[in-house]
Amino acid sequence: MRWPPWSSESTNDEQKQTPSSWLSSAANKPSSILDWTAFTELRTIIPTVVLTSGILIAVRFHRRYLRRIPDAPSISSSYLRRRSIFGQVTSVGDGDNFRIFHTPGGRMAGWGWLPWKKVPTVKKDLKDKTIHIRLAGVDAPELAHFGRPEQPFARDAHTWLTSYLSNRRVRALVHRQDQYSRVVASVFVRRAFDFPPFRRRDVSYEMLKRGLATVYEAKIGSEFGGDKMEKKYRKAEWWAKKRARGLWKDYRRVGSGWESPREYKNRMGMGDPLPIEKGNGKGNGKGKIGQK
């Protein structure tokens, strides 16, 4: 029986045959299913290239600028004398060395305000997660270590460095690594209450000006970050010495028994540490670096 009544019998037959006809047509034309021409069209190629390039650039950018470095031995040779490390000071161990927690990208990358990018404050949470830094170009008086007596003005240098850097964000231009799992670096800090405020300060230079350290002297050489910086440091030391500031107070007094941090180390048998060469970074013409 035809339905609807006014339809012709031929139309009804066509409707009955439509599903089977469609299947047979699909079977007879497999090329329509595996048609690759769509993948060669510009409207497909251009978005694919843009998306792939964007992913690769993002991965490279993250690896180069946003990947956190946990400790000094993990620093790649590509950083030495070429790049700097930004981080927050977590502790000050001596008058010329301290530890920072690497915060790549700083606040712009979310450090300090995103919940998952907080600098740990508990000591156990910082274990194996900080970079040990030795200030370049200076030698501060030694605190009491391993049964050795404390050198005069060692406590003053340590107290000043702690108050100047503790919990502050600093930028360290990495020069070399040493055998104590540290990096020798020129360190810079900006402070709101300095004059002028937020001016970039060279920490080594500030210590020399105040007579809290001497220019680093060693038989195998020292690291200053270039000849220009060495001249600047030596001039700052000369002025502090002339004005008898800090550890230079008794320098000219006869019978005071004054000795420099280097002379103290030599007397205590604390030889120069061996440097660890990493990569092919060129030095400053002063020999290998081994600051202690």
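A Cβ is built for glycine as well, from the same backbone N, Cα and C atoms used for every other residue.
The annotation region 'Disordered' is assigned in Swiss-Prot to 1-27 (among others).
Positions annotated as transmembrane segment by Swiss-Prot: 45-61. Long-range Cβ contacts of the transmembrane segment (45-61) within its own chain (Cβ-Cβ under 8 Å, at least 6 residues beyond either end) map to 39.
Look at Swiss-Prot and you will find 83-250 tagged as domain 'TNase-like', backed by sequence analysis.
DSSP classifies R134 (active site) as strand under the three-state reduction. The active site annotation in Swiss-Prot covers R134 (among others).
Swiss-Prot lists D139 with the feature Ca(2+) binding site. The Cβ neighbour count for D139 (Ca(2+) binding site), using a 10 Å radius over every protein chain in view, is 23.
Per Swiss-Prot, the feature active site maps to E142 (among others). Other C-beta atoms found within 10 angstroms of the C-beta of E142 (active site) number 22, with every protein chain shown included.
Around R182 (active site), the same-chain residues six or more apart in sequence whose CB sits under 8 Å from its CB are A72, N97, H132, I133, R134, listed in sequence order. According to Swiss-Prot, the feature active site maps to R182 (among others), an assignment based on sequence analysis.
The region 'Disordered' annotation in Swiss-Prot covers 257-292 (among others).
The compositional bias 'Gly residues' annotation in Swiss-Prot covers 281-292.
Mean pLDDT for the domain 'TNase-like' (83-250) in this predicted model: 93.
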